[in-house]
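Here is what TrEMBL records for this protein:
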- 7-187: domain 'Josephin' (DOMAIN)
- 20: active site, nucleophile (ACT_SITE)
- 20: active site (ACT_SITE)
- 126: active site, proton acceptor (ACT_SITE)
- 126: active site (ACT_SITE)
- 141: active site (ACT_SITE)
- 264-308: region 'Disordered' (REGION)
C-alpha cells in the first residue's frame, strides 16, 4: 500500500508548452523527477534500440536497414508528444510498471479502480494522471489550475467516461516514492506543492470565476437582445410615422389625384357589382336604369319613326 506522500502535500504541474507527458510522469511520482530533456534522452535510447533490432532483422533477410533510418523518431513527435514506451521507461527507473487497463491482469481494476494507486490517461497528444495521495483520489490533469478531488464513486464513473470517449487508460503499479525534497517556496520548475485545502480553494475560486464569466456573458447577450428588440420596435414605429406624415402632405395628395391614384369608396349601386343585370317591371334593364338612359330616345328609334 502507498505510504504518506510528501507530508500530505499534493504535487501539481500546470501545462507548459506541449510537455504534458513530463507533467504526467512527475505527478505520478509526486515530485519534479524528470525534465523534458530526460524524456527526450529516453526516447532517443528507445529509438536506438529499435534501430538495432531492425538492423539485426535486416541481416536475417528482413527489411533493408535504410528503411528504418529514413524514419523519424517513433518515440517522440516533432511537437513534443512522447510515446507510452517513454513513460514506461521513465517509471521503470522508479520500480513502477505501466499496465493497460484492458489487459487480463487488470481485469479487477475495471470494477474496483479505487484499489489501485494511479492511472495514466492518453488521448491524441495529451497525457494526464489520476493519482491516489494519502488515501484520497485526485485528478492531476495539467490543464487544471490545481488537483481536483475525486470521490471513489466518481472515480469509477470518470474512468468509464474516459474510456467511452476514446481515452487509453493505463494502471501504474509498484513502490511509489513517498518523499521528495521540497523547496522553501513550495514551487519548482513547472510544479508546486499544495495542501488539499489549498487545492480545493483554488479549484473553487476558478470554478466561481468561470461561472461568473459565463453569467456575465449570458447577461450581456440578454441585454444585447433586448436592445436589438427595442431598436427594431423604434425603427418600425418611426417608419409608420413617416409613412403617415407623407400621406397627409398636401403636395402628395395633389400628385396622387393628378395621377388618378385616388381610390374612392366602392359604389354598391353600380352595375359593376351586378354580374347578371335583370329587367325591371317596365321592361327596362337594370343597367339602363342605373346608367340613366330610361326615357331617352335613341338615334335609331327616331330614324325609324320618320321612315314610317
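Sequential numbering from 1, following the chain as shown.
Using the three backbone atoms N, Cα and C, a Cβ is placed for every residue, glycine included.
Curation plays no part in TrEMBL annotations; they are all automatic predictions.
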The one of 20, 126, 141 whose CB sees the fewest other CB atoms within 10 Å, among these active-site residues: 126
Overall pLDDT of the domain 'Josephin' (7-187), taken as the mean: 89
Cα-to-Cα gap, residue 126 (active site, proton acceptor) vs the residue listed as 'active site, nucleophile', nearest whole Å: 6
For the residue listed as 'active site, proton acceptor', the three-state class that DSSP assigns: strand
Residue 141 (active site) and the residue listed as 'active site, nucleophile', Cα-Cα, nearest whole angstrom: 9
Local backbone state of residue 141 (active site), from DSSP in three classes: coil
